[in-house]
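J.: One structure is given below, represented as structure tokens, and several questions about it will come after.
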Amino acid sequence: MKHPTTRPRVVLIGPMGSGKTTVGRLLARRWAVAVRDTDEDIEAVEGRSIGEIFVDDGEARFREIERDAVAKALSDHDGVLSLGGGAVLAEQTRELLAGQPVVFLQVGLADAVSRVGLGESRPLLNQAVGGMRSRIKQLLDERTPIYESVATLTVDTSGRTPEDVAEEIDARIAEASDD
Ligand SMILES: Nc1ncnc2c1ncn2[C@@H]1O[C@H](COP(=O)(O)OP(=O)(O)OP(=O)(O)O)[C@@H](O)[C@H]1O
Ligand SMILES: O=C(O)C1=C[C@@H](O)[C@@H](O)[C@H](O)C1
Ligand SMILES: [Mg+2]
């Protein structure tokens, strides 16, 4: 598969509540580059929320829309790019990410649970059978190997502030580019 000619400076991946959106904004500010978030792209293009897309059209259709949104963002955005938590489930997306600087924001179960409790609605967690905590655990268990397989850098965010996480990414990217 052909790689895009312009590449994002860094792509952030990880589970819901790992801080992709929050840390992405901080990094972009630090580097004075633009930030883009594929969840926001999807909502802007579709003119409806991700929750509405799940309800109206189902998860499978959302994943198609997401796959296209990610491909577009990878081809025309060269700042910080934050992907939705499930974006790397698409094989096409994993292929497009090969060879790019991809940061996996890792988060432990306890922090993930408390962080997603704070935010906007997340359709995969709504009405989770067995409760939100066990659904989050299941998603973490299923997806961690996928995140790891795509990442060039892994940063643990548990018990840390978004600023601290952004600082570590900045330092490690600088280190890697000095090699
Ligand atoms: N390191 C952190 N420490 C404490 N709270 C955090 C941290 N990172 C993010 N948060 C908070 O957790 C919530 C979720 O963060 P954010 O929306 O950035 O996650 P996300 O990875 O983009 O999730 P999603 O995949 O659902 O888009 C927000 O309320 C944010 O302020
Ligand atoms: O983990 C997921 O599968 C998701 C994460 C969010 O970023 C959104 O893309 C959506 O809620 C699905
Ligand atoms: Mg987000």
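Heads up, the Cβ atoms here are built off N, Cα and C, so glycines get one too.
So TrEMBL lists the following for this protein:
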BINDING   Gly17, Ser18, Gly19, Lys20, Thr21, Thr22, Arg122, Arg160  ATP binding site
BINDING   Thr21  Mg(2+) binding site
BINDING   Asp39, Arg63, Gly85, Arg143  substrate binding site
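Let's see these features in context: how buried, what's close, how far.
T.: Here Arg160 (ATP binding site) comes close to no residue that lies at least six apart in sequence on the same chain with a C-beta under 8 angstroms from its C-beta.
When Cβ atoms from all protein chains are considered, those within 10 Å of Thr21 (ATP binding site) total 17, not counting its own.
Within the same chain, residues at least six positions away from Arg63 (substrate binding site) with a Cβ under 8 Å of its Cβ are Gly86, Leu89, Ala90. Arg63 (substrate binding site) falls within a helix when secondary structure is assigned with DSSP.
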J.: Within the set Gly19, Lys20, Thr21, Thr22, Asp39, which binding-site residues show a CB-to-ligand 3 distance under 6 A?
T.: Lys20, Thr21, Asp39
J.: Where does Gly19 (ATP binding site) sit in the DSSP three-state scheme?
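T.: DSSP assigns Gly19 (ATP binding site) to coil.
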J.: Would you pick out, from the binding-site residues Lys20, Arg122, Arg143, the residue whose Cβ has the largest number of other Cβ atoms within 10 Å?
T.: Lys20
J.: Write down the Cα-Cα distance for Gly85 (substrate binding site) and Arg122 (ATP binding site), rounded and given in Å.
T.: 10
